[in-house]
């Protein structure tokens, strides 16, 4: 901890986890292998600590190395529009995205102006100020109708199809996302309005 600097658990990167696992392997080997002496353990721990310290120094001083080892933030929602390329790249499904938003007190995708997946794995959300919070139900997930969700709000697929057509679309497969709330009604995101390019915010 003193070598690497203080970090919260949320800031631990995959490489920090690898460091820890290898260190655990060294300690485990020392405990169960009778042929290993105290001197071997001290040498291994010292060498590993110095190696980690050098890597951290390189990461801090070399911007490109830092990006390779620790990654860069991913923008999942950009100016209110879904970035499906980044969602796929980070293996995040729409229901997972909704769960992450709710954890940030954002209960509808319509409320989100920017959603950023940080390198720590946490999500940062900038809300649309003009949109009041409301609990929304996911009705269409990547073109697939969520029938159980429709039933839970007392609606049918025929009703959903009619609402979609009112907004100028023929079928659910034209939409990457659709949600419904009592206050705001149906909110849709067609495939034609998704974003599939990455906006770089940290260099």
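Note that Cβ sites are derived from N, Cα and C of the backbone, with glycine treated the same way.
From the options 12-32, 75-95, the stretch TrEMBL describes as transmembrane segment is 12-32. When the domain 'YetF C-terminal' (61-181) is classified with DSSP, helix, strand and coil residues number 47 helix, 33 strand, 41 coil.
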